[in-house]
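One structure is given below, encoded as structure tokens.
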Amino acid sequence: MKSHISNALSDFFFEYETPRQVLVRNRRVGVVCRIIQLGVLAYIIGWVFIYEKGYQSADTAVSSVFTKMKGVGYTSINGSERVWDVADYVFPSQGDASFVVMTNYIITEGQEMGTCPELHGKHNCSTNADCEGGSFKRTGHGQMTGVCVENKTCEVLAWCPVEDDHKIPDPPMLMSAENYTLFIKNSVTFPLFGVSRSNLVEDIDAAYISKCLHHPDDAPLCPIFKLGDIVKLSGFDFETIARVGGAIGIVVDWTCNFDVDVTHCKPQYNFHGLYGNAAETDKAKASVGYNFRYAKHYMDNKVQKRTLLKVFGIRFDIIVQSLARKFDIIPTLTAIGSGVGIFGVATVVCDLVLLYLLPKRAFYKNMKFKYTDTHVQDPDSEAGSTETEK
């Protein structure tokens, strides 16, 4: 027993097994093998290393965005002139990465709480029975009082006079918004590599910012954008989107390779029209544009009143995309190892061809495999022979 264990341990530690190699001189099989190997090699070099950058590790950034609008608008309605500044037309005003610039509006001034007729088409009636007192309608402006007034609409308890938004101003009230400017300040940090960058890169200083205006070719790194240019680059028409509102995405793309100097890591700006263009191909235009309401409350002779504005505007969403890469030995070795393993596909395919498809498959099978009926084996026996203990 002790001898068997000793022999087993000796065989385990001091013997080496290697597969039998059979050299097959067959042009078809040889060509198939080399084609498969070349394909695997092209995949490893072209796809894994060049396209997918399999020799690098990757990281995405932690990002912060700050925005600031500049520009003044002017309107004149029925002889009433007004100047609109940033505090009037930007919502919210804190400089978020998502904000709205007002381009058109419907204003209802001097509203106070009371009873008044509803708009035509909201609560039409012929008798008081058609106006159920104390009830609401989803599209209405207030609570019905149960009275059908002379203009054949239900009386409501609401902010009176009720808003009439059937007619949207055309052309837009604030076409001057086309000349407003947007300043974007973006900072990113790649934690894996310990690198921080800002879109105010090395070539941008206060003097440059004071006079530059972003242009895709002439000034691609300038962080100041004209609203009219943003709308144009997004594929929208400014007057159309300014009338009913819409949404535009501004993508700040940080795609960096830290195998070179970090100063080469610079942002690229892309603009995408999200919705709001009346010429869009969407067949179901159930809700084109973007709008919301807000009110300014005040007291007049001890009576609470408000000015209601239905705002049509362009919503800007600033989206930061990031991907940084740098050489790393671990993914490099992993990619090489997986590539070497894939080379085994050539052997499997060629064996299938030899053993099952070629006319001489029986001959090749005898050459590849050696069979024995016992543990007693003649070391000088030919490949493919069968030995039997007598």
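Placement of Cβ uses the backbone N, Cα and C atoms for every residue, glycine included.
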Per TrEMBL, cysteine bonded by disulfide to Cys212 (from Cys222, Cys256): Cys222
Cys160: disulphide-linked cysteine among Cys33, Cys116, Cys256, Cys265 [source: TrEMBL]: Cys116
Per TrEMBL, cysteine bonded by disulfide to Cys125 (from Cys33, Cys148): Cys148
Shortest C-alpha distance to Lys310 (ATP binding site) - which of the disulfide-bonded residues Cys116, Cys125, Cys148, Cys154: Cys116
Cα distance (Å, whole number) from Cys212 (disulfide bond) to Thr181 (ATP binding site): 11
Residue from Cys116, Cys131, Cys265, Phe292, Arg293 whose C-alpha is spatially nearest that of Cys125 (disulfide bond), among the recorded positions: Cys131
Proximal residue to Cys265 (disulfide bond) among binding-site residues Lys68, Lys70, Asn291, Phe292, Arg293 (C-alpha distance): Lys68
